[in-house]
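J.: My structure is below; once you've seen it, I'll send some questions.
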Amino acid sequence: MTKPIVFSGAQPSGELTIGNYMGALRQWVNMQDDYHCIYCIVDQHAITVRQDAQKLRKATLDTLALYLACGIDPEKSTIFVQSHVPEHAQLGWALNCYTYFGELSRMTQFKDKSARYAENINAGLFDYPVLMAADILLYQTNLVPVGEDQKQHLELSRDIAQRFNALYGDIFKVPEPFIPKSGARVMSLLEPTKKMSKSDDNRNNVIGLLEDPKSVVKKIKRAVTDSDEPPVVRYDVQNKAGVSNLLDILSAVTGQSIPELEKQFEGKMYGHLKGEVADAVSGMLTELQERYHRFRNDEAFLQQVMKDGAEKASAHASRTLKAVYEAIGFVAKP
């Protein structure tokens, strides 16, 4: 029986955070045995915001080494760089012609990013969701792990696939969202009502996977809790967002349940909780960074992973693009 196909990716812009790891990368690792996993470093999406060329090249290799350090296995999964598989951009252009301006105008992420990068509101930023649809549909993807911020884009991918299929027959699989049974939603350390984001300008809000564990300890000890007297370590996202975030992080790192942790910290000060979180996270990062540096220092291996991954991805992508071009009426290349 063929395994269902899963597609996901991350941009090589900004350092990946513990939020990316606990909410996404760790789920990707766990899916490798039960699904045919295709994991992409989406460098073409990254250039919708201005990038320094040298930094982008470095960030791409850094991200690949992090994928591997987190446990993504090139023997089990297809791992590749988006720009190495030209079918992504080719299908993206074709799908533009089956996507309506009004649909893209309603994308909330475009509104957010165009407000943030007002000096560079480019067509690529507006068109980003169509390239994302191409990324997904190229591989006849069954399932896409998505967070809240990408649900709208996946819905558009489904709409485009259904519209194209209505015109030309069943060319595309219509992808479904994959909602993992467990996966921590890690919030900002100083503003715990918003998600931790690798693009946050205030770096005290964020814990990067490659940060010095000593600086991580300091950040966690400065994390927002609340002013309850006496302090109560209780999971209550509405009324105790900072404490709940620390409990979520500790639970994700140690595997202990929230009720177990509440019992463990009953009658204790917030400083005790922060100390435990700091020790657990810094220990996890120390081990992960050791694996990361081993991969990052072996550039020949990284080049081989990218080459093999692009070849595997292209074999699949070219079949879909050929079917699309035939359906549209393009003359086949002699």
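Backbone N, Cα and C define each Cβ position, glycine as well.
I grabbed these lines from Swiss-Prot:
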BINDING   GLN11, PRO12, SER13, GLY19, ASN20, GLY147, GLU148, ASP149, VAL186, LYS195, MET196, SER197, LYS198, SER199  ATP binding site
BINDING   ASP135  L-tryptophan binding site
MOTIF     12-20  motif ''HIGH' region'
MOTIF     195-199  motif ''KMSKS' region'
J.: Write out how many residues of the motif ''KMSKS' region' (195-199) are helix, how many strand and how many coil, based on DSSP.
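T.: Helix, strand and coil residues of the motif ''KMSKS' region' (195-199) number 0 helix, 1 strand, 4 coil.
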J.: Distance between ASN20 (ATP binding site) and the residue listed as 'L-tryptophan binding site' at the Cα atoms, whole Å?
T.: 20
J.: At a C-beta cut-off of under 8 Å, are there same-chain residues at least 6 beyond the motif ''HIGH' region' (12-20) that contact it? List them, or none.
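T.: For the motif ''HIGH' region' (12-20), the list is 41-43, 46, 49, 51, 56, 59-60, 62-63, 66, 184-187, 195-199, 206-211, 249, 281, 285.
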J.: Just how many other Cβ atoms lie inside 10 Å of the Cβ on the residue listed as 'L-tryptophan binding site'?
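T.: A count of 27.
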J.: Reported as an integer number of Å, what is the Cα distance between MET196 (ATP binding site) and ASP135 (L-tryptophan binding site)?
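T.: The separation of the Cα atoms works out to 25 Å.
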J.: Restricting attention to the motif ''KMSKS' region' (195-199), give the mean pLDDT.
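T.: Here the mean pLDDT over the motif ''KMSKS' region' (195-199) amounts to 85.
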J.: CA-CA, which of the binding-site residues GLN11, SER13, LYS198 lies nearest the residue listed as 'L-tryptophan binding site'?
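T.: For the residue listed as 'L-tryptophan binding site', the closest Cα among GLN11, SER13, LYS198 is found at GLN11.
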